[in-house]
């Protein structure tokens, strides 16, 4: 579909703003036009995988959902449980198999499978076990659906998105991770709760690692279009930096709190990933903080590192990275976060 003349320009001079707001992804594939049914595959039918599948079903995002897991009995049980709800759901074909051939022709492959950390196990050993698991998951997925988009949810999501990119051979725009999309939602909720407004009116991003070295972009937060920190300064309203840091640390610890209370997280990540699926498959071109190849953005150098940045998403996956404002301190923290992830990646031998 052709853009109309005003869709990316302002004024009679035709000033193009697209290139100012976004930095395009290099070496990406063009989108593949298709009128066929939409198919999503979910790899791993644990609590997270099933929350994602259930949310995708109820939001009518796919014509077909394929489930894959290494445990055949649990897999069949989950498939039947969803199929038995057919009378209450949009018409969707639901299939399941331990064989990756069931994923053939997928538009989007969502990977949630991952090894659980054993008591006393180091983070590096857990990561290496997950890399071994991915060696059995990603290549058959890429073979069965060579034109699909890979969305990695398994943790540590930043490093495993890098692993998936390496193992799949896909262009960088078609491999992304759920990253800090949920962290940013938690962040927006906490700010909205403080101000007693709807979270949808809060624009706020957490970027960097999905973990302890994540970065809260306070300088770019706005509520109802009003930049929060600059507004407070103009109104000479004092605020403590420690208060801001406490909110960020609450975001970082949110998942641990939920896990401590109910044993796992599921519903919030289910909605978060379904939200990403909607943006991608319906070509909504919305901006989400997700795990992307960050080299060359915001001064991140030193290697092929994947971490979360505000990215424009569409039917082709990652379209561009947003040129969001960051202070020097925020940029420095982001670059430090990138080094943390690169150190983990360097021990994988890929």
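The backbone N, Cα and C atoms fix where each Cβ goes, and this holds for glycine too.
The domain 'Lactate/malate dehydrogenase N-terminal' annotation in TrEMBL covers 38-177. Among the features that TrEMBL reports, NAD(+) binding site is placed at 44, 45, 46, 47, 48, 49, 69, 130, 153, 154, 155. The domain 'Lactate/malate dehydrogenase C-terminal' annotation in TrEMBL covers 180-343. Summarising the annotation, TrEMBL assigns active site, proton acceptor to 210.
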Inset, instruction - Return the residue, from the listed binding-site residues 44, 46, with the maximum count of other C-beta atoms within 10 angstroms of its C-beta. - result: 44
Legend entry - Residue among binding-site residues 48, 153 with least C-beta crowding, 10 angstrom cut-off: 48
Inset, instruction - Taking only the Cα atoms, work out how far residue 69 (NAD(+) binding site) lies from residue 210 (active site, proton acceptor), in Å, as a whole number. - result: 25
Legend entry - Length of the line joining the Cα atoms of the residue listed as 'active site, proton acceptor' and residue 44 (NAD(+) binding site), in Å: 20
Legend entry - Residue counts (helix, strand, coil, in that order) that DSSP gives for the domain 'Lactate/malate dehydrogenase N-terminal' (38-177): 68 helix, 26 strand, 46 coil
Legend entry - Lowest local Cβ density (other Cβ within 10 Å) among binding-site residues: 69, 155: 155
Legend entry - Taken over the domain 'Lactate/malate dehydrogenase N-terminal' (38-177), the model's mean pLDDT: 94
